[in-house]
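Trainee: Annotation comment: TrEMBL describes 38-57, 88-106, 112-136, 143-161, 167-189, 201-223, 235-253, 265-285, 291-310 as transmembrane segment. Under the heading domain 'Sugar phosphate transporter', TrEMBL lists 107-226.
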């Protein structure tokens, strides 16, 4: 219980605070620093630390050598095809595109809407994951999960219609796009990479950070040179930016280790807890005035989230219970479903 509560708390806290720090950095000095793409690039670079931290933790836990730990993970990279420069680009490059599609619109949305609205809408990615999983992974159709998709979209619509909060449509659209691309990233990872171990995920995230560092600086430079983004390093809010980057890395670490240690459901509950936490911070420190439509829309999204994460297959007990009896004469054991 303690471990579950700790992981849930860390997921909610790191996700919430990384969003709040990003919002602070973007609002610090818009005249001299307005560069959401650069911020995303800067944050993603810290993903380079994922695999080294995994090796360090595994060595403490298992007492194995670094070469043994790294060698085992290298052999299982990319559906057990092994780690190579070729496989690095084949398996990781598409996900860098999906990563940018999920994170850049989210950071961009924070320029226009509050963190509480952004996190509420981003929770819709669970519904998008289900829809994509039906088409790409062959998941079965469940009427409750279909209903959750309708609730998620309805919640976004209700929030966007709230004129009292003066929410900009472009911010809503960016957050919605971020949620969809996050779903594409997750489903594609399952489709292309398959069932990955914690070591595989850590190595993958480090490779993602490496490609981001070596390739993804080009769009950031182009946006700065063309004037689309304003980037003056002398005025850059390095404090909030470093804080957002460290918290974002901690969020990804917690997710990876939490899934390996516990299960994805715990992580989902943690992200769900991040929504009211962001709302409380916005009310206390950013002067957010909650309205009826915002509360109704957020509740619809939370209900959608809950319907998505319920393990319906575990609730169907009929037909899954068996009774086994042993024949005294033959010694054979016969089992039948109850």
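The backbone N, Cα and C atoms fix where each Cβ goes, and this holds for glycine too.
Note that the structure is a prediction, hence the values are computed from the model and not measured.
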Trainee: Go through the chain and flag residues at least 6 beyond the ends of the transmembrane segment (291-310) whose CB is under 8 A from any CB in it; none is fine as an answer.
Mentor: 116-117, 120-121, 123-124, 126-127, 129-130, 144-145, 147-152, 154-159, 161-162, 164-165, 265, 268-269, 272, 275, 279
Trainee: What residues in the same chain, six or more past the boundaries of the transmembrane segment (265-285), come closer than 8 Å to it by Cβ-Cβ distance?
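Mentor: Hits for the transmembrane segment (265-285): 4, 7-13, 15-16, 19-20, 114-116, 118-120, 123, 126, 254-255, 258-259, 298, 301-302, 305-306, 308-309, 311.
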Trainee: What is the average pLDDT across the domain 'Sugar phosphate transporter' (107-226)?
Mentor: 85
Trainee: Could you tell me how many residues in the domain 'Sugar phosphate transporter' (107-226) are helical, how many are strand and how many are coil under DSSP?
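Mentor: Output for the domain 'Sugar phosphate transporter' (107-226) reads 94 helix, 0 strand, 26 coil.
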